[in-house]
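Over in TrEMBL, the protein carries these features:
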TRANSMEM  30-50  transmembrane segment
TRANSMEM  71-94  transmembrane segment
TRANSMEM  114-144  transmembrane segment
TRANSMEM  156-177  transmembrane segment
TRANSMEM  210-231  transmembrane segment
TRANSMEM  252-278  transmembrane segment
TRANSMEM  284-306  transmembrane segment
């Protein structure tokens, strides 16, 4: 068993080249504990997402735009749904294999294995999750700046962006299908036998690494810009309308949600930049990456579901009349 600071043998080499992996015996270490804990913390986000989806399906036939903007909500569900699927595939391709529990099984993986399709879907949902994040932030800002005539605009933006996103993500994922599946031994701080599943297209492909970094960087820039626009607009808004308390609470939830999205995105860029110019720390970055992914998926889903006032069953709509203090009062 390798120590925390000792490089394991065959780091970042295909395990299929070394017959000794076929007789590898699982070694329990802290990576298994981390994987179990991340799975436990992942469950509440799945529950929250399912509950929000049920809420949407029950109310989609009626006009609930006064409670929550339909396209903000619909885009949020697409964004989180893609993120959850991406996380599930991350467990299958990275987190479980990194525990070394399936190393002997995948040591004889064939190049035409179905794993290459799983890897392609993994990357596809990664791209979709980021593209729908941009769409969510954009529609959120659009509604703030154009509160009256936005439903038809949002509808066409959602349709065009969704179709374009699915097509681009599919096209970008095809090269993984046309290449071979493989398993790679991880470097420190992982032990000997810890591995992850990928394809020969991703293995040692500097062009894809740089392309992925540029794509993620542009997504982050877009989120930063739209978050700034949101904050600028919110400073001039006063919620002096019906249900003003609930309206203010819902706006606060949406605002904090965008910040929760932004912070992991910025940290991910730091990690991605570091992985390009500091390869010796790549193993540590791989270990930290799921934590940022979980912050992005788990916290956003749970926070939005548990704090957005319209998901609470016991909320009752009350009309509130607000009179200006400068009004003339007749004695």
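Placement of Cβ uses the backbone N, Cα and C atoms for every residue, glycine included.
Nobody curates TrEMBL annotations by hand; they come from automatic prediction.
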Residues from the same chain, set at least six apart from the ends of the transmembrane segment (210-231), whose C-beta lies under 8 A from its own: 127, 130-131, 133-134, 137-138, 140-141, 144-145, 255, 258-259, 261-262, 265-266, 268-269, 272-273, 276
What stretch of 30-50, 114-144, 156-177, 284-306 shows the most Cβ pairs under 8 Å to the transmembrane segment (71-94)? 114-144
Same-chain residues at least 6 beyond the ends of the transmembrane segment (114-144) with CB under 8 Å of its CB atoms are 69, 71-72, 75-76, 78-79, 82-83, 85-86, 89-90, 92-93, 106, 150, 153-154, 157-158, 161-162, 165-166, 168-170, 172-174, 176-177, 179-181, 197-199, 202, 215-216, 219, 222-223, 226-227, 229-230, 233-234, 237, 254, 258, 261, 265
